[in-house]
Amino acid sequence: MPRNERENENERRAAKTTGDGASPEWADGLRHLYDAVVEEPLPDSFKDLLAKLDEDGDDVPPSKEGKRD
Amino acid sequence: MAEKKELPKRTASEKADFKRELTEVVPHLRAFARGLCGRPDMADDLVQETMLKAWAAQDRFEPGTSMRAWTFVILRNAYLTDMRRNRFRGEYDEGVAERILTAPAGQEEPLHLSDMHRALLTLPPERREALLLVGAGGFSYEEAANICGCAVGTIKSRVGRARATLNSMLADGDIPRRSIDDDSAHRAILEELDDVAAGKGEAAAKA
């Protein structure tokens, strides 16, 4: 990940103490919810999809839009 | 996605880089999507749709820039489109909250998470996404503004309002249980979406 992701990390930490003054306890909870999903093992359907991207080479079906419903 | 710049064809190794970076951000896409739409199955559908769109649009990705920010723009636009088609109603999933609650240790008051998630889903979408980007995703206000295609001040005020709402909801324990299933609330959300969609976040996609 690019460098600015790390700067964000700092900012995120700084935002905790500064920000709008108080950092309520739910602020940690919010990050927790996010991080918990980030750390979940990736379901197979995602691995399959990533693998398929390779097979298809350049051409993923032109547009999924419009044909969805 | 209305850019018509001439773009160089990607080489095989650039494609491989793209795919590697895309793979790396998938967990973040899932987390963002889950926060936006609440239901894990729908969130995952949204992420897969995002991955396909990102892959199809990879010529527009500028190597060296943030893949996470770029794909978040695609994801939020897909989400907004789906919201308009009424696919998501910000449904809250008790089961997931339960699982999240029991997962990580070291949290003083883990039970608040469930309330927190529910409260989060009652926020208007524009504030919810602003708070998710800044408060959970760790984006700066500037980056969040780029993703949402709006001014930095707008993001700051959305985050501020979201925080204020959550503060009072969680302090009073007064979290509307079904407010998002309620018709009038839902209509209000859809109206707000028009404003949100107006920004579409294309600034970041072009960058």
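Each residue, glycine too, has its Cβ placed from N, Cα and C.
Any TrEMBL annotation is an automated prediction that lacks curation.
Values in this document were obtained by computation on a predicted structure and should not be read as measured data.
Feature annotation from TrEMBL assigns compositional bias 'Basic and acidic residues' to A:1-14.
Over the domain 'Anti-sigma factor NepR' (A:24-56), the average per-residue pLDDT in this prediction is 87. Summarising the annotation, TrEMBL assigns domain 'Anti-sigma factor NepR' to A:24-56.
Annotation comment: TrEMBL describes A:1-26 as region 'Disordered'.
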For this session: Could you put numbers on the helix, strand and coil content of the domain 'Anti-sigma factor NepR' (A:24-56), residue by residue per DSSP?
Result: 28 helix, 0 strand, 5 coil
